[in-house]
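Participant: Would you mind keeping the following structure in view while I ask a few things?
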Amino acid sequence: MDERAALELVGGLVSRAGDDAAVVGDTALTIDMLHDATDFPSGTTRYTAGWRSVGASLSDVAATGATATAAVAAYGAPGFDDDELAAFVTGARDVCTAVGAEYVGGDLDGHSEFTVATAAIGDADHRVTRSGARPGDSVVVTGSLGRSAAAMALFDAGDTERANDLFQFMPRVAAGRVLGAHATAMMDASDGLARSLHQLAAASDCGMAVDSGRLPVADALAEVTADPVERAVSFGGDFELVAAVPPERVEAARAAVPGSLSVVGRVTAAADGVRLDGDALADDGWTH
């Protein structure tokens, strides 16, 4: 059973599962796990690992429209090197500070492989799920896509300094809070835009039609691959927000969202499926 099948199994047993974070009362809550072999390529600093792992949970909270307030991390490693542990905690603390949240500690454990489990909470005054998109809505994306794909290419090429910089994504907490007031459905693109579109379509019982010419592809990605659009769509690891917004609210959302907000397509009927430039888009993306 792969990760996707496992998630479907759990979703069939837990009725409230299926969104980026659970909302209990007025609190959003999420948990994530990352491993050395699947999430941290050779050359990833412990600072970047701290930033990225805690950032992933902050991003999940943001995807519900909640305001992230705090995060914790459990750090497992074969040994506890002073400099590595300090760098990890500093990265975790810094990403929280960057979005107005607080890093409040965690746990340590001896582990055969460097492994991190993180959790974050937030205030959920207004909840957005994956299941509210309707035909006619605009599909929007924050920021740019492909930073992580570019980082992986740079790690492979030995340019670890630049790769680590690209790997330190900014969780869209501020954007999620204001975009959530306009969106009918929203999630983050941690597993890739293609996968996110398929998940939103399935949850909302609709289709998605996206125009490659409208995609906000990161400049760094065009420098390292001959097909930046394909990588930006299918690679994942970017943690931008993908949302459905009624067309009459797009300009208000764009004016309110910090940073860029790109309209990349529209929500269609379920029978149309998920399409890129009119062609069926494969359900590809990051798999742990």
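Every residue, even glycine, has its Cβ placed from backbone N, Cα and C.
Per Swiss-Prot, the feature Mg(2+) 4 binding site maps to Asp20, Thr30, Asp60. Residues or ranges marked as Mg(2+) 3 binding site by Swiss-Prot on the basis of sequence analysis: Asp20, Asp60, Asp188. Taken from Swiss-Prot, the feature Mg(2+) 1 binding site applies to Asp32, Asp107. Annotation source Swiss-Prot lists Mg(2+) 2 binding site at Asp32, Asp60, citing sequence analysis. Annotated substrate binding site per Swiss-Prot: Asp39, Trp286, in sequence order, evidence recorded as sequence analysis. The ATP binding site annotation in Swiss-Prot covers Gly106, Asp107, Arg130, Ser190. The Mg(2+) 5 binding site annotation in Swiss-Prot covers Asp191.
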Participant: Look at each of the binding-site residues, Asp20, Asp39, Asp107, Asp188, Asp191, and point out the one with the fewest other Cβ atoms around it within 10 Å.
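Facilitator: Per-residue Cβ counts within 10 Å for the binding-site residues Asp20, Asp39, Asp107, Asp188, Asp191 bottom out at Asp107.
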Participant: Going by C-alpha distance, which of the binding-site residues Asp39, Asp188, Asp191 is nearest to Asp20 (Mg(2+) 4 binding site)?
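Facilitator: So, spelling it out, the nearest of the binding-site residues is Asp188.
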Participant: Which of the binding-site residues Asp39, Asp60, Asp107 has its Cα nearest to the Cα of Ser190 (ATP binding site)?
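Facilitator: Nearest candidate: Asp60.
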Participant: Rank the binding-site residues Asp32, Asp60 by the number of other Cβ atoms within 10 Å of each Cβ, and give the residue at the low end.
Facilitator: Asp32
